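Taken from TrEMBL, the feature substrate binding site applies to C:SER57, C:ASN109, C:GLU154, C:ASN161, C:TYR185, C:TYR237, C:VAL255.
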Number of protein chains: 4
Amino acid sequence: MQQFVEQAKPYAKYGKVADYIPALRKADPNDLSIAIYAPDGTVVCAGDTQEKATLQSISKIIALAFVLMNRGEEEVFKKVGMEPTGDPFNSIAKLEEKQPPKPLNPMINAGALAVTHMIDGADVDERFHRLLTFVHRLAGDSAITYSKEVAQSEFETAFLNRSLCYFLKQHGIIDEDVEPLMDLYTKQCAIEMNCIDLARIGLVFAMDGFDPIQNDPIMPPHIARICKTFMVTCGMYNASGEFAIKIGIPAKSGVSGGILAAVPGRFGIGIFGPSLDEKGNSITGIKLLELLSKTYSLSIF
Amino acid sequence: MQQFVEQAKPYAKYGKVADYIPALRKADPNDLSIAIYAPDGTVVCAGDTQEKATLQSISKIIALAFVLMNRGEEEVFKKVGMEPTGDPFNSIAKLEEKQPPKPLNPMINAGALAVTHMIDGADVDERFHRLLTFVHRLAGDSAITYSKEVAQSEFETAFLNRSLCYFLKQHGIIDEDVEPLMDLYTKQCAIEMNCIDLARIGLVFAMDGFDPIQNDPIMPPHIARICKTFMVTCGMYNASGEFAIKIGIPAKSGVSGGILAAVPGRFGIGIFGPSLDEKGNSITGIKLLELLSKTYSLSIF
Amino acid sequence: MQQFVEQAKPYAKYGKVADYIPALRKADPNDLSIAIYAPDGTVVCAGDTQEKATLQSISKIIALAFVLMNRGEEEVFKKVGMEPTGDPFNSIAKLEEKQPPKPLNPMINAGALAVTHMIDGADVDERFHRLLTFVHRLAGDSAITYSKEVAQSEFETAFLNRSLCYFLKQHGIIDEDVEPLMDLYTKQCAIEMNCIDLARIGLVFAMDGFDPIQNDPIMPPHIARICKTFMVTCGMYNASGEFAIKIGIPAKSGVSGGILAAVPGRFGIGIFGPSLDEKGNSITGIKLLELLSKTYSLSIF
Amino acid sequence: MQQFVEQAKPYAKYGKVADYIPALRKADPNDLSIAIYAPDGTVVCAGDTQEKATLQSISKIIALAFVLMNRGEEEVFKKVGMEPTGDPFNSIAKLEEKQPPKPLNPMINAGALAVTHMIDGADVDERFHRLLTFVHRLAGDSAITYSKEVAQSEFETAFLNRSLCYFLKQHGIIDEDVEPLMDLYTKQCAIEMNCIDLARIGLVFAMDGFDPIQNDPIMPPHIARICKTFMVTCGMYNASGEFAIKIGIPAKSGVSGGILAAVPGRFGIGIFGPSLDEKGNSITGIKLLELLSKTYSLSIF
């Protein structure tokens, strides 16, 4: 594994750290850590596995699973579609074209905001606490919390997400106030963990929602499968098609440089490598997954 | 004139009163009033000329004139373009296509918000007071104020305008907080007057910025001409081209059913007729202007 | 199997037969046939399996496999992308947005035309003959030919595809004359077979390019996998995302009502049911696959 | 006048000669000629007024006048709209967005092709002859013909216009074969004249369709006015808004560097200056018109 990491690391120089959220700019582009979690509890790691990073867009797939469990498919898919889009994750143009203007899928920002809107609770604190508890169970780690600094930094600068929220509100996709929703969403994105936690969450998806370590049926198999499908069709922003062809593993990335991957029936993978390519995916993380997928034939296709 | 009004009135039934701002729904679709103001002070009217209505989008042309006078062409056109667009007035898609995402012109909502953003003053009250004072001078009527009810109603429901604002803020077109700007903008749109006031403002534009009643050079001729040009190329939403061909008078409409028109060198026209066509223009107002333009050859072309 | 067909058939009434190609209008919307081909040569069928239908868009995945084998991935993906799109299959707008204007993927018409353009040969006859020979080998049936009537009908009316071709020619994606390309493309789309042939082709994809019946390694595994990936991300037009979630089998549909499906490592499926839903997919075919996928857990996710 | 030309000429270096039609590349970017034609027959010129250039897009306004006279407004505006668009002249995306996909106006290529399609005649020769005879009458010069070289060059490379034609044909806007239409359209664009001819045509538009030199009522006033309106709202491609604000004269440009302008009631202007700005307008021609408009207050606004 360490060898793969060494092979992938030099690619960091072709990318750059996310700069649109001020607090993310501090990341070291040369960091790279990976963990692979097997159903029998074996963990193989490399790099500084104690380094923590925020989930960012990876949280979209976790929130989707949570909301599907709470609200059911029918209700969720009334507010968000199932189709991939060739547009960037923060595009608003496509929303206007479609009638009704339902976000095309839950992995683009507009769709993710509609999903987070459906997290139930009396207030932002309760809603976030419910989601965080779900994360604790998924990762088997109740110490996981969120980065106040990153949440605050994103909250202060997320004008485009507010633009999307108001557009959704205009069209009745969301009906709560925008500021509390932004508060909840930026906290969700700022949930922080190391790559081992991330790999363990990947394992739960890989095992169809069942946690083999705790013998805990965390989510129904059909919901885990829906999530893995979205990971394949739109988990890697508008590079998902290329990722599916070259690597073929259900995965979700975030602009912190994280990637959550789930090799069905076999294991979960967690990676953090903050140097991003132009689509917003970890450039070293993708390289690492490509090496793994080719060496061990991990593609689902 | 009364005869023209009688001819135009039956067309009200083909349109409907604006319903996206709750407070506008109360208007009577069969109302229709018109005033024509000549440089010698003669006013010809028909209909209930004491009926007041809010300016809505008509305010965009007044705010533009004011901001051009205060900030100068160069600064204003750094933030907003000069080109008509085939899109609806509240479209956001086009903003995303262009690089940089500058609103195409000051008559679409995105552009108008960028213009209102440039109204100087210590706070919303002062900024609004300065604009209102300018309106008083244009109309020669210092009793003009705004409808608190309409402003409030629009403030509470203007989610799409907030979406546009945050989009503009993301891209550095505006840099103030969105809520004060929305407060100022909705007050600006809610400025209320009768059709005689409106006709007098039209006269000032018709006379290249000079008020012949008070012998007052209110605005420089080149600014009045810029405003009239925008009235022709994009004053009637995305029906401006058809209006220019069929009627050919510089004019600006609002969803309250108002139309401000300026026949260069001859007179100003003010109309209120709340029944709107599908593009958002007063259906009886356009009919009336068509009858006037054809009968008296008022087209500038 | 017959039972599943009976369950699916009533859904035919919610769709309609393709009408944009005149010759396809003659199809009976109530037809429905299916074949499942296993690696050991077992074939399970239902419906009138001798009924033949044209491939239409199903031919896109076959032409892609053929061109990938002849030209290699690098050359092919210079002319066509790998990303799904939320737009309809015949959209031209997205081409204009992207710089360079490369078709987003080989399953939309623009991309498929770019792929067919890459079929080598001295002239249309030779190029078509080479493709047809490949189809013969895939289906193990050298009697397969094309419907002159359907090809002719489509050739005469394919104005939108010619529009796409000239757009691609303008931008250097294709450099041959448009009429020969249209001749080749409409013949390719008019290749005609029954559902057993189709199922056998599906089996070759399911077995990673290896034909277990003839012990024939028809295509390299990585090319078969690329094709299956495109089937998942964009094989069912802009309903691919929903199909992946609900059914999860790599599949490609055509407006003749055909569906080619490949259950990895297990079997190939061929279906013809000409009643189409609004996205252009066989409405009974999708129902049938949904019943099969749920009953036998065929989803790859 | 010579002085204005000297002032404008240095701007040639900021633009470049059209290169998308091979035969146009030969033009000298430093050429600049202008003629102003008054109703009393006075002609003021500067530069090499015997230099001829092709009309290119200027022909769109002449064809529009001709077709409006032959077919009437109602029929013409069934096939083409009246609204300006913020898109480039050769855009196809907007066509797809609108339902029905009618070109937004007759000055963009799609709309101009729909107009040329409406030129009546037994075949291309007769149709072109009829249009050319109309041009002879407008310019009072029966020696005007077209450049076979430019027509041929454009015919061979006009893939994008063919793409637009087939798109229009798919949607029933045109129903003739594309190649004859392209033959006619490229000949129309290749009609060749000097700036004095062009100024005389401008004069006819300026005088509401009446030729004061021959005392010839060439076209009805309302048609001349429709044409001048389109010149203002969309005559200078997607820089029309800025041109209207800064110069305010109805004008139509072509990529050969020609500009036809009509100062209502006063005179016609013809300019050739092949160095183009990025929107496709003559950079020296615009400068020259700006100097003239400012010096002699020619703006209609």
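Every residue gets a Cβ built from N, Cα and C, even glycine.
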Binding-site residues compared (C:TYR185, C:TYR237) - highest count of Cβ atoms within 10 Å: C:TYR185
Protein Cβ atoms within 10 Å of C:VAL255 (substrate binding site), excluding its own: 23
Residues C:SER57, C:ASN109, C:GLU154, C:ASN161, C:TYR185, C:TYR237, C:VAL255 [recorded substrate binders]: greatest CA to CA distance in Å: 19
CB contacts for C:ASN161 (substrate binding site) [other CB atoms within 10 A, all chains]: 24
C:ASN109 (substrate binding site), number of other Cβ atoms within 10 Å: 22
